[in-house]
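Pasting the relevant annotations from TrEMBL:
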- B:12-37: transmembrane segment (TRANSMEM)
- B:63-80: transmembrane segment (TRANSMEM)
- B:92-111: transmembrane segment (TRANSMEM)
- B:117-138: transmembrane segment (TRANSMEM)
- B:147-169: transmembrane segment (TRANSMEM)
- B:236-265: transmembrane segment (TRANSMEM)
- B:277-299: transmembrane segment (TRANSMEM)
- B:305-324: transmembrane segment (TRANSMEM)
Ligand SMILES: Nc1ncnc2c1ncn2[C@@H]1O[C@H](COP(=O)(O)OP(=O)(O)O)[C@@H](O)[C@H]1O
Ligand SMILES: [Mg+2]
């Protein structure tokens, strides 16, 4: 369970997060949506102790962020940042291998190697495992970063716009992989999405953030209405039902 | 759909390492056999077996000093580049060496009778503070302009260097500045270079933290996400860089470009993963500096050109070539 209580955050004078309280149950996929600048990335950074909390508290099960050692947290949660611009000239295999660092602190066991191999296969990276990441396309690099977070093998996975740069084949397959991870291993995945239909199609719950406040938290069926989308994004969007899914026709 | 391509990198690394080791061995033999006093290698070794003579007193120390200085400076450059996340920095151009010199001048003025140990301590500390200052400065620069970082470092180093020069001038210590800032090995004798072993050992100790440096090089957020104590790692790396720099400055003098050129060349072929790359960086660093020293000894025989000057000239061209011939990236 992720328990966020009364988190308020200021950048200088401007208020970025305004008394955010959220409770996410363990296991499953939660999509975090909201307009640009709503504070999604800031909330993630606070959850992953990349920014210091100014007020309020965040807990992952029994671990309280800010009171738990950074190494223990690295075995509890993995984060993929939105602007993870890794400039080093290291191979995909090495990058994914560093995902195991929290577990072995530099001394990889055979089990660690095996897990890296599994991550490479899982994200279709085996064929480019020995390429340098600075020689990959944006989408390939993005998949390598997701694979690194996966290799960290944590209960909680925070992914900030992981679909950036992915073509529709890889975008959908990433969502399906996350679904499988949540279902098979009981992982708790929180994912920032801009494409609301991915949230509708793959998440168990959707949380909307707007101007630093929680605007709505609901399962996709009740979240996906024209009124809600208007309230969050300020635009008229037609919502249609196909089979058991609700799809927003926002591109047209 | 996935197309399996065989991994090629290990092959490159092994070939590169073997050829460099071969070249290095040749250079060591050459370095031992050339000098103003003519003697054959066989004579040198037979004298050395008796525990005396040119080999043990001067030729071997000189050869070892070049290797140690070259290897540890290259390693220091690599670590600094990794931690600053910029390929264009090195201790000589971003004020670390100047800070060490400033510290040494300071201690020479305040405590003229200080022993070598306290001098080293102050020199290293000053270099460390200088490196921290540079890092704090660089943090404010826009990440989209990587060339601003070395430029800023050159200004920063210039300011520190002029303070050091001013103090040295006022206190009649100018000759030291010249000695500290222009690396050369002609004065190396047994008993006068051994600090470089410490420098080499410190560089070696850096290898124990290779993974941590690589992870820190991925950026603060990624590193913290992996549970790395980021600022501790940065401080540790800078301490290594500072000590290597200060030890080199005081024993043989700074050798600019070694820490810049060598890591760039090596990284180009085998990448940035410190654990795999650091041994090769040390090897290439030692080889290049020894090569420069030999060139400096033979070009105007029996006079000598300082190794630092030779390396500076060659290094500049190699670096320009690297800069211009960089493969275009997607
Ligand atoms: N370093 C910063 N300094 C000042 N304001 C910032 C900084 N980083 C983010 N912000 C502001 O915080 C707000 C929330 O940003 P962010 O969390 O990145 O939003 P989102 O991820 O939802 O698009 C934005 O208005 C942004 O301008
Ligand atoms: Mg964001």
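Using the three backbone atoms N, Cα and C, a Cβ is placed for every residue, glycine included.
TrEMBL: automatically predicted annotations, no manual curation.
So that I understand the layout, could you describe where these features sit and how close they are to other parts?
Under 8 Å from some Cβ of the transmembrane segment (B:63-80) lie the Cβ atoms of residues 28, 31-32, 89-91, 94, 96, 131, 183, 185, 188, 193, 196-197, 199-200, 202-203, 206, 213, 237-238, 240-241, 244-245, 247-248, 251-252, 255, 258-260, 262-263, 266-267, 274, 277-278, 281-290, 293, 307, all in the same chain and six or more residues away from its ends.
Sequence-distant contacts of the transmembrane segment (B:117-138), counting only residues of its own chain at least 6 positions beyond either end whose CB sits under 8 Å from a CB of the stretch, comprise 80, 83-84, 86, 91, 94-104, 106-108, 111, 149, 152-153, 156, 160, 195, 234-235, 238-239, 241-243, 245-247, 249-250.
Same-chain residues lying 6+ beyond the ends of the transmembrane segment (B:277-299) with a Cβ under 8 Å from its Cβ atoms: 13, 16-17, 20-21, 23-24, 27-28, 30-31, 34-35, 62-63, 66-75, 77-78, 184-185, 203, 206-207, 210, 255, 258, 261-263, 265-267, 270-271, 305-311, 314.
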Who are the long-range neighbours of the transmembrane segment (B:236-265) in its own chain, taking Cβ under 8 Å and residues 6 or more past its ends?
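Residues packing against the transmembrane segment (B:236-265) from afar: 65, 69-70, 72-83, 87-93, 96-97, 100-101, 103-104, 116, 119-120, 123-128, 130-132, 135, 179-185, 188, 192-193, 195-196, 198-199, 202-203, 205-206, 209, 212-213, 216, 281, 284-285, 288-289, 307-308, 311-312, 315-316, 318-319, 322.
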Counting only residues 6+ away from its ends, which parts of the chain sit with a Cβ under 8 Å from the transmembrane segment (B:92-111)?
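Sequence-distant neighbours of the transmembrane segment (B:92-111): 80, 84, 118-119, 122-127, 129-131, 133-134, 150, 153-154, 156-161, 163-164, 167-168, 171, 173, 176-177, 180-181, 241-242, 245-246, 248-250, 254-260.
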When you scan the chain for residues with a C-beta under 8 Å from the transmembrane segment (B:147-169), skipping those not six or more beyond its ends, what do you find?
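Sequence-distant neighbours of the transmembrane segment (B:147-169): 84, 86, 88-89, 92-99, 101-102, 105-106, 109, 130, 133-134, 137-138, 141, 176-177.
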